[in-house]
């Protein structure tokens, strides 16, 4: 795609009482290529701060770019630390039970959830640019990891290989994220539109909630499938194995968690109540099981957890495994989803506090923390919304809150893991369900329906694909529909008829402005996209149809001028054109000539003018006299010709000066 020049070119000159459309001066090929790559990959110009700086200053700025902690660390104060300490302890109380719960959701040992809440937050605190993001495991990525890896390796039969594949998937997810950041390819993630994410997250949350019926009902055997049909079949085919003790306990804790969340939502200053509720549930559930020996009465518990910090796992990466492609596929899909969620959450909270985060820098931070995490017994992490919202509401000031959380998890790993032995699995299921219900954003879906029906279709397609198919199917369907919409925007650009706003020289769409009046004898069309091979044929046919419709309309009305004479194309919104687009203009010009019409171009941009000039279209076919700087100038010139030059007709046929009939509309009498 061509890039619109931003440099000034030769000034317009006045010709025949009007301004001439200027052609930008030619540029060397490599300079044009450099500018195009710069606008594509570096739209924010991150290297601007390095210009005209000494070497030592550049080194310092480079370190601050890769490690933002060196930038804000020098301005850190004790007041900031007090706020971050409170926020860090608060999110730690949420991270510990969620980490254990989400690890179980991924079919991984619960201790990996705690490991993943220790090392990655430390890496992000040094490299991340968000002040509010709280790093940790997330339910959707955990569900994806468990669903995709379990198809090839049964965790109940070969847990060691399964864990190694999870590490390997995390490594490739981090490698993908860091590569996208370093190569400035973050715009790829934008193909996951807001509608896609809303539907996908809601579908994944629904599946996760249904799968937690296993823990709520105390079932030992359960399907590894994620679609709603298989999950419900697995639930209702084992009604004789439902354990009422587990069900009652699960419903009580779920009611408690939802009640605290509702209270904190109504009273935002009491946010800490819902934040502490999961850990409170774990403590109360563990005490209840320990005192009543409920594990002997059908209530399943976590069991012993290994004490100590993360063991190294670099040697456990399964690069030589026959299941390597499964790990790579899992890493790519989960990495993209985690990246989209983390960046969206970070940008949301940055908007609230009026600061900016660099998307590409965030990708590098996410990638590095997952690469390091894969070598320290962690699985995929990102910035979950629930934990980040608690961090935000707790008044965090910087990423130090992540360091505080990591220290709290470290203390838990070193001294407190034996206390989780009697934690009932039903409590973990209740925690997951309470968290997932917040991801089913029906209000956002209704907003999509009210604003854009196609976006709503994308949202519902993603939801249905996830719930009735699989997570991958839902994602593929939603992305495919989003890409289809992009193709429709490109291949079927909007063209509108322009009319004159009364008492002005402004021309706007007659559909949007009913008061805008069309000009007799002149059809003014606005093309609202670049003209490329994908839409050139459509535009040619659409312009022809506009001409047919305008001629039919003029014949039906009693006008002084009953035939169409000029077709003006407003090119102001055409940012670029390729050779197919130029061929389309040539064919349109020839078709207009055959019908006795004159093609006129108005307001072409610099990129369009460069291509038209190089192709000799203006010089050899259109003529410089039919290229205008504005629509108003084009209409004024056409009106002058209409009212000063009249065709002489005889029996409906044009005559030349000798009274001979002319087949072509080329000769006119004054």
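Just so you know, glycine gets a Cβ as well, placed from its N, Cα and C.
In TrEMBL, the transmembrane segment annotation falls on 364-386 of the listed ranges 364-386, 502-524, 525-547.
Looking at 60-84, 85-109, 460-484, 560-584, the stretch flagged in TrEMBL as transmembrane segment turns out to be 460-484. Highest Cβ pair count under 8 Å relative to the transmembrane segment (423-440), across stretches 161-183, 195-213, 271-291, 332-352, 460-484: 195-213. Counting residues 6+ beyond its ends, the transmembrane segment (460-484) has Cβ neighbours under 8 Å at 140, 143-144, 147-148, 191-193, 195-196, 198-200, 202-204, 206-207, 225-229, 333, 337, 445 in the same chain. Segment contact holds for the transmembrane segment (161-183) and the transmembrane segment (364-386), given three or more CB pairs below 8 angstroms at sequence separation of 6 or more.
Ranked by Cβ pairs under 8 Å to the transmembrane segment (242-259), the stretches 195-213, 271-291, 364-386 are led by 271-291. Residues in the domain 'STAS' (512-638) partition by DSSP class (helix H, G, I; strand E, B; coil) as 66 helix, 21 strand, 40 coil.
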